[in-house]
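According to Swiss-Prot, the features are:
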type: BINDING; residues: Cys60, Cys62, Cys75, Cys78; note: Zn(2+) 1 binding site
type: BINDING; residues: Asp449, Asp451, Asp453; note: Mg(2+) binding site
type: BINDING; residues: Cys822, Cys896, Cys903, Cys906; note: Zn(2+) 2 binding site
Amino acid sequence: MIDVNNFHYMKIGLASPEKIRSWSFGEVKKPETINYRTLKPEKDGLFCERIFGPTKDWECSCGKYKRVRYKGMVCDRCGVEVTKSKVRRERMGHIELAAPVSHIWYFKGIPSRMGLLLDMSPRALEEVIYFASYVVVDPGPTGLEKKTLLSEAEFRDYYDKYPGQFVAKMGAEGIKDLLEEIDLDEELKLLRDELESATGQRLTRAIKRLEVVESFRNSGNKPSWMILDVLPIIPPEIRPMVQLDGGRFATSDLNDLYRRVINRNNRLKRLLDLGAPGIIVQNEKRMLQEAVDALIDNGRRGRPVTGPGNRPLKSLSHMLKGKQGRFRQNLLGKRVDYSGRSVIAVGPSLKMYQCGLPKEMALELFKPFVMKELVQREIATNIKNAKSKIERMDDEVWDVLEEVIREHPVLLNRAPTLHRLGIQAFEPTLVEGRAIRLHPLVTTAYNADFDGDQMAVHVPLSKEAQAEARMLMLAAQNILNPKDGKPVVTPSQDMVLGNYYLTLERKDAVNTGAIFNNTNEVLKAYANGFVHLHTRIGVHASSFNNPTFTEEQNKKILATSVGKIIFNEIIPDSFAYINEPTQENLERKTPNRYFIDPTTLGEGGLKEYFENEELIEPFNKKFLGNIIAEVFNRFSITDTSMMLDRMKDLGFKFSSKAGITVGVADIVVLPDKQQILDEHEKLVDRITKQFNRGLITEEERYNAVVEIWTDAKDQIQGELMQSLDKTNPIFMMSDSGARGNASNFTQLAGMRGLMAAPSGKIIELPITSSFREGLTVLEYFISTHGARKGLADTALKTADSGYLTRRLVDVAQDVIVREEDCGTDRGLLVSDIKEGTEMIEPFIERIEGRYSKETIRHPETDEIIIRPDELITPEIAKKITDAGIEQMYIRSAFTCNARHGVCEKCYGKNLATGEKVEVGEAVGTIAAQSIGEPGTQLTMRTFHTGGVAGSDITQGLPRIQEIFEARNPKGQAVITEIEGVVEDIKLAKDRQQEIVVKGANETRSYLASGTSRIIVEIGQPVQRGEVLTEGSIEPKNYLSVAGLNATESYLLKEVQKVYRMQGVEIDDKHVEVMVRQMLRKVRIIEAGDTKLLPGSLVDIHNFTDANREAFKHRKRPATAKPVLLGITKASLETESFLSAASFQETTRVLTDAAIKGKRDDLLGLKENVIIGKLIPAGTGMRRYSDVKYEKTAKPVAEVESQTEVTE
């Protein structure tokens, strides 16, 4: 066997007949498979042991030689070699075909490679190959052109006129002769000459033909090898035949297909020996051709061959294709050993890095480890004995199991695994019951809940795998989300509610204004019921020993609440005392106004002071997230995870103590709701009157009505929130961020508002009732539309989003950080991303965590804030924006010069760790997951505002797909291709609008539809590529008009726009990585003196290499233009044929690769997974695995003896 980790590339090509024979261990002559009585393979049949090897290990067929000692012997009775039965997976056979047969991939694929090479149409080829016409191979004196087709009658006529003086053949034989006569060098010269003169269709065809001829010439494949004389037979274990209960056999379809080929081939041989009439032989040859076609690709031509029950048989091509094919089913995704799955339950007592494993499951998973330990401790005498102990579940087994699982992490995975946080490592602890216990804080990362979700457990076996699981995958290490660098393990639901309740303050709380000496007194008083959690009290500031308090402050009393004192105990000591939910308090110091000088208090003491003070907001989910981020920035990951655990415990404890619950009485209907509705009803009547008088159009009326009712709902919502008691349980749930929001509350107590019809158009009749009052029948009916559409959308969205992620991963999987610095001289100019006046992504967020490309000085003081190639930390980013700088050049994946992947400097910091990114990080996959994972949160809808076609804009998931697939967008904007001034805007025919732009040398007019809004004015100066009407720009056109940089920035902005509008934050760098992959290729315009072909797609680096070579030899360089490919197209155009074939269109990719004799250098991740190597990323990178050890220091003993001498 080959050592998988030790080969560097994989090459594919056409197999010559000699090659096929060299692979084979013998010819299969009979169609028989297994003798049904003896169940032994038939001799010379499809399962023959003499050809493929023995069915039993170390035993020949007749049983003369058994046991290993005869290894390598060939039995003299049955001719079977004594060896392992595994060879039946490796040894191939062959069939000697009685007539040449064409390979369907090369004749039928699009474009037909045979057709291009012979310059014949696929129709003509088909007629020849399937014996409908003759093709002239050697015209002789007939005056016919070579390759002319002759019908049966024409052939007879010529044959009678010129007997034996010309050659015309039928079937693959004729084509084979023509292919053998091709002189590739001669063809190449002719085609190169034709390129100079041809135009239009002829030029395109010439380029296509040139490509095929070049492919054959460079790869060393001979054209005639596209015709088969010998057919290889794959090893029998790969097309098995198994006996079912009841004596019937189940067999792979391939055996049926091979059997048909062998039967027809043998019949043809017999007919040829008998000298049968030509027409019978021809028919048999055609049937043989069809049998081989069905074997290679059933159903590609004509009706597929069917098995029992009219089911089309699965041919060799089908074995590779699609989700169930070899690539995706067996090579890219395998089932794994040492795994289990079960329902998950919450484990609130677990630490951040732990999970609970059911005892039985743990015993089964760690069985071999336990057995080894039992034998080592001499509890069991041997392995067999240990096994039976485990099966009996003896008492001593559990102690050993405890020992074995200590320090041995396991991986937990929840499907669907949308991003890398869908698999994390935990240290197992044994639990009773049969459910896996999961830490409540990691549920957000897994998107898990405990309503019956299941999770899978995997055991990392090797020491290296365990080390990686512990160092890199442990849940306590994965606190930040790779998509935006914010904490992903934020408390949710109960935990949020508990901490919110804990930090709440109330005016009417018991013993407000009591003053205590220290926190211990406070806790005692709370335990004895003297004060409540919400009581506002004073504590001597000096008792806190807080390093951020000034001397002045330590002499005073800190005004706070009992709950906040308890909350602050979980915060690290070096932090300021957190008394209010502000960044100022969190990052710097406790505001001075909370420190009270006891001498200034009046007679009422602190109680009087509190009566005049406003209550402080409690801590909501967002603020808890900020606390976690701040702790993470200042401390180690370990400290952060410990604090998270404490926050979790606090949350659960106090949400239980609070006993918050919801009853009907908590939903208070707004008293003056009817009044608000009446006012808006009057406004609607006014609009209707205006419409009836013809003052406004139907469209304006509809939009006005929708606006009025939206405003009514907003007003009711605003007043509801004002009128609510701050301790109302529903308000607390929504305000804390635990569950629900203001809009849910409005629907419960205010009004439901406007609903959408099934078409997506908003129904102008609002639902004025709330759920508390109850809906009328009509209102209920209207609301069912939305609910139904919501459910249907969710189902579709999940599938769509998953497919988008798959395409994204595929296009970016080979982007890995390959070097420290690529030394580029270009940078990307960044500033705020705005849409009109609305801010989409601020400048400060875009530069933080990136490397600068220029020196930035403070505009006033002229001090240097940052130099080129330095990392922009949050502090520096703040300095830059505070200095009033609004744009700067940064290093970006767009401008990176790294050949494969990106470099550290152009990528910036790794968002998952907050440190600089390391060489070997698979940033492409991370980018794809970061963009794909929130896909399910995006909406599916195209919003219809009043059914006007012009103003429908695609948003959400469809828009993201549109951008990444580089499709023509819906609602396309008109852009100007010249720089100049808008000269005129006028109505054109067919209700269109015409915009005239006058440039320096030319004037152009652009047509826009009558409904589209024009956003330029007459006399306004416009740049190339500027938008004239509202809508989305078509990116491919924009690339040719505005150039590469503008297109990159535009695509980035558009993606950010969609995600940010849905409230999803994704870092720019992920989008940059994806867009860069879409712009990797250029299309050659003129080849110059290089070897490139005009019109072909070439990787940008190959193009620059070819030109560099040309310049070196003082030759003419090639010219090219950048091309924007959609992600599907870009995946299929990658340099690696293994990656492309396992993605989509498997047969097309492999056909093309075989003809070109492509070699795959295994640079990406997929290729290496397919052939079973370690992936070249992370610890699998060659620079990490090829570490050489050198002893530089002398052994200690030697050093000591020398020191004695010198003394």
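Even glycines carry a Cβ here, placed using N, Cα and C.
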Task: Please tell me which one of the binding-site residues listed here (Cys62, Cys78, Cys896, Cys903) sits closest to Asp451 (Mg(2+) binding site), measuring Cα to Cα?
output: Cys903
Query: So which one is it: of the binding-site residues Asp449, Asp451, Asp453, which has the fewest other Cβ atoms within 10 Å?
result: Asp451
- request: Give the distance between the Cα atoms of Cys60 (Zn(2+) 1 binding site) and Asp453 (Mg(2+) binding site), rounded to the nearest whole Å.
  value: 52
Query: For Cys896 (Zn(2+) 2 binding site), which of the binding-site residues Cys75, Cys78, Asp449 has the nearest Cα in space?
result: Asp449
- prompt: Going by C-alpha positions, which of the binding-site residues (Cys62, Cys75, Cys78, Asp449, Asp453) is nearest Cys906 (Zn(2+) 2 binding site)?
  reply: Asp449
- line: Surrounding the recorded Mg(2+) site, with Cβ no more than 8 Å from the Cβ centroid of Asp449, Asp451, Asp453 and those residues left out, we find Ile344, Ala448, Phe450, Gly452
Message: If I take the alpha carbons of Cys903 (Zn(2+) 2 binding site) and Asp453 (Mg(2+) binding site), what is the distance between them in whole Å?
response: 40
Message: Measuring Cα to Cα, how far is Cys75 (Zn(2+) 1 binding site) from Asp453 (Mg(2+) binding site) in Å?
response: 58
Message: Can you tell me how many other Cβ atoms are located within 10 Å of the Cβ belonging to Cys75 (Zn(2+) 1 binding site)?
response: 20
Task: Out of the binding-site residues Asp449, Asp453, Cys822, give me the one sitting nearest to Cys78 (Zn(2+) 1 binding site) by CA distance.
output: Asp453
Field: binding-site residues listed as Cys60, Cys822, Cys903, least Cβ neighbours within 10 Å
entry: Cys822
- request: Would you list, in sequence order, the residues of this chain other than Cys822, Cys896, Cys903, Cys906 that have their CB within 8 A of the centroid of the site's CB atoms, where the site is the one recorded for Zn(2+) 2?
  value: Glu819, Asp821, Thr824, Arg891, Ala893, Thr895, Asn897, Ala898, Val902, Glu904, Lys905, Tyr907
Statement: Cα of Cys62 (Zn(2+) 1 binding site) to Cα of Asp449 (Mg(2+) binding site), in Å and rounded, measures 61
Fewest-neighbour residue among binding-site residues, criterion Cβ within 10 Å, set Cys62, Cys78, Cys896, Cys906: Cys62
Query: Taking the Cα atoms as reference points, how far is Asp449 (Mg(2+) binding site) from Cys822 (Zn(2+) 2 binding site) in Å?
result: 45
